[in-house]
Amino acid sequence: MLSVLALTSVVLLGIASQSTALVVNTDSEKHALVGSDVRLSCSFFSWQWTSPEVSFTWHYRPDGAKDAISIFHYGGGEAYPANKGPFQNRLEFVGNPSRRDGSILIKNLDFGDNGTFTCDAKNPPDIGGHPSTIRLLVFEKVPVQAGVITGSIIGVVLGLLILVVAIYYLMRFLVARRVFSLSMSKHGKKGKGKEGSQQKQKPKVPLVFISF
């Protein structure tokens, strides 16, 4: 009896621990152009089945500000974008709650939209997850990332090294082939010279006539 109770306790503890294992995921940073639309992705992992009461809440903190404001909420199968504030009439829900996707779309971006966005998801009974943040950077022209530049430079350098090595081994092959050809030519001439000298030095056998 005691062993059964112990096993039941372990199972219940395991279920309880899983009920707080919700993990929210977003990109760390997003770049976009002024006047364009941008999708801010948000999804979550949960041990539980997707609940009909699944919800997503988005907050926004402008660069240089201390406090964040609520700009969007999805719950009970309905989307509730903020009816006032910097994103009024510019937010659209583009997620799929049944697939644990709570993404939003921000339209007609402006430089004032730079800031940090926080997505929080709940999937009852999993309600203990930590929100995830994504930083939005709005540019007049999206800059090339340093990693792309570094990768391009490394690629060019590697390409040049491969080309130099290929040329080096090609030159070695051509030189070796030339030396071999000259060597064979010299040996051929020497062979012919020896045969000629041997033919010249071959003594003639005199003809002897014996008369009776």
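From the backbone N, Cα and C atoms, a Cβ is placed for every residue, glycine too.
Now, the feature entries from TrEMBL:
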| type | residues | note |
| --- | --- | --- |
| SIGNAL | 1-21 | signal peptide |
| DOMAIN | 20-137 | domain 'Ig-like' |
| TRANSMEM | 148-171 | transmembrane segment |
| REGION | 186-205 | region 'Disordered' |
Arithmetic mean of per-residue pLDDT over the domain 'Ig-like' (20-137): 95
The domain 'Ig-like' (20-137): DSSP-derived helix, strand, coil residue counts: 6 helix, 58 strand, 54 coil
